[in-house]
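First the structure, in the form of structure tokens, and then the observations on it.
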Amino acid sequence: MELNTLKSTFINNFGKEPNSLFFSPGRINLIGEHIDYNGGFVFPCPITLGTFAAATLRDDRICRAYSLNFESLGVIEFSLDDLSYKKEDNWTNYLKGVLKVLIEKGYKIDKGIDLVINGNLPNGAGLSSSASLEMLIVKILDTFFSLNISKVDAALIGKEVENTYIGVNSGIMDQFAISLGEKDKAILLDCNSLYYEYVPLNLGDNSIIIMNTNKRRELADSKYNERRKECDDSLDTLKKYTNISSLCELTSLEFETYKDKIEDSNKLRRCVHAISENERVKDAVKALKENNLELFGQLMNQSHISLRDDYEVTGKELDTLAENAWKQPGVLGARMTGAGFGGCAIAIVNNNHVDEFIKNVGQAYKDAIGYEASFYVASIGNGPTEL
């Protein structure tokens, strides 16, 4: 259905059939939150919700782009000769950003494209719609221009676009999880070294439920950059006493020795979260490999509590979802996922209890918050693909 809409929209806007169709997933992070920029381990996986594209290579230097998610903007047109950021160009700044970074890196891109996209990720829900779009664009350009970009390089290019062009100080996790995604596997990623390992997601007779607060979160102007600065400031202080390049190089035991050097109580709590969360990721992956799903779920719960109390990035909406999820029968664990401040939480729920879970948590959320949450049963899909 989505592909038919995509094709007909392409024909309506550009007067011809598209050459190619593509898909790029969104992602959830099972555990390891707000530590990708602190040199920690994360454990994300791609989901089957994501961003679809229809695209055709042009024979001039013009790009024309249309999004079914932002129909009121119409077709946005620009030239490869002017890839400067313009606020009014909205989502196409991601397209311009990827083009600019690739061209600056010496990749030969000398023709424009016609592009229609349609995403079924809830916008602003913290499921990485922007990284999904970046990896989609890299995949399209890689395919059209035979650029031979590795999956790891694709992720690094997306991160560079985010940091230097869009102006969001994000880590590597989202792009990496999407670019290197494989069906039914999560990725244990060391964000310091980019060492990674695929771990089969054997959840037995349980499913991952995505719970969307339907409270939009805007990464760029949320407290995300503030948290990053608190961590960077703490790292600068700790570097005077110990030879580390990121917070997550310390164990909780080692941090005990140095924690009195962090005088600001807020910054101290940020460090406690980062260092303990990194240890939780390692413990959680070990538990999953040993088929100890109960422990995996408990670690998810502990992660949410740390994000709530020490990192302070959850808020009433996410806490309402997680805390009500914990009370339900058949629930192994639940936590916020993504950057927080709204967005989504996830829960691992026994298949026999899914309907009851959605009903009960949904009602509790509506009673407490005043509007409805949305629920999705997550499937773990592949990375960016040409369809």
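Don't overthink the numbers, they just go from 1 along the chain as shown.
Note that Cβ sites are derived from N, Cα and C of the backbone, with glycine treated the same way.
Annotation note: ASP174 (active site, proton acceptor) sits in a helical segment as assigned by DSSP. Feature annotation from Swiss-Prot assigns active site, proton acceptor to ASP174.
Sequence annotations record features per position, and here Swiss-Prot assigns substrate binding site to GLU33, HIS34, ILE35, ASP36, TYR224 based on sequence analysis. Taking a C-beta cut-off of under 8 angstroms and a sequence separation of 6 or more, GLU33 (substrate binding site) has the following same-chain neighbours: VAL42, GLU277, SER303, LEU307, TYR311, VAL313, ARG335, MET336, THR337, GLY338, GLY340.
The annotation ATP binding site is assigned in Swiss-Prot to SER67, GLY124, ALA125, GLY126, LEU127, SER128, SER129, SER130 on the grounds of sequence analysis. Within 10 Å of the C-beta atom of ALA125 (ATP binding site) sit 24 other C-beta atoms, taking all shown protein chains into account.
The Mg(2+) binding site feature in Swiss-Prot is assigned to SER130, GLU162; the stated evidence is sequence analysis. Around GLU162 (Mg(2+) binding site), the C-beta neighbours below 8 angstroms that are at least 6 residues distant in the chain are SER130, ALA131, GLU134, VAL168, SER170, GLN175.
According to Swiss-Prot, the site 'Transition state stabilizer' annotation covers ARG27, on the basis of sequence analysis. Of all Cβ atoms in the protein chains displayed, 31 besides its own lie within 10 Å of the Cβ of ARG27 (site 'Transition state stabilizer'). Under the three-state DSSP scheme, ARG27 (site 'Transition state stabilizer') falls in the strand class.
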Of GLY126, SER129, TYR224 (the binding-site residues), the residue whose Cβ has the fewest other Cβ atoms within 10 Å: TYR224
Max pairwise CA distance, angstrom, over record-listed substrate binders GLU33, HIS34, ILE35, ASP36, TYR224: 13
Largest tally of Cβ atoms lying within 10 Å of a Cβ, found at which of the binding-site residues SER67, SER128: SER128
GLU33, HIS34, ILE35, ASP36, TYR224 excluded, remaining Cβ within 8 Å of their centroid (substrate): GLY32, TYR37, ASN38, GLY40, VAL42, GLY171, MET173, ARG227, ALA274, ALA339
SER128 (ATP binding site) and TYR224 (substrate binding site), Cα-Cα, nearest whole angstrom: 14
Proximal residue to HIS34 (substrate binding site) among recorded positions ARG27, ALA125, ASP174 (C-alpha distance): ASP174
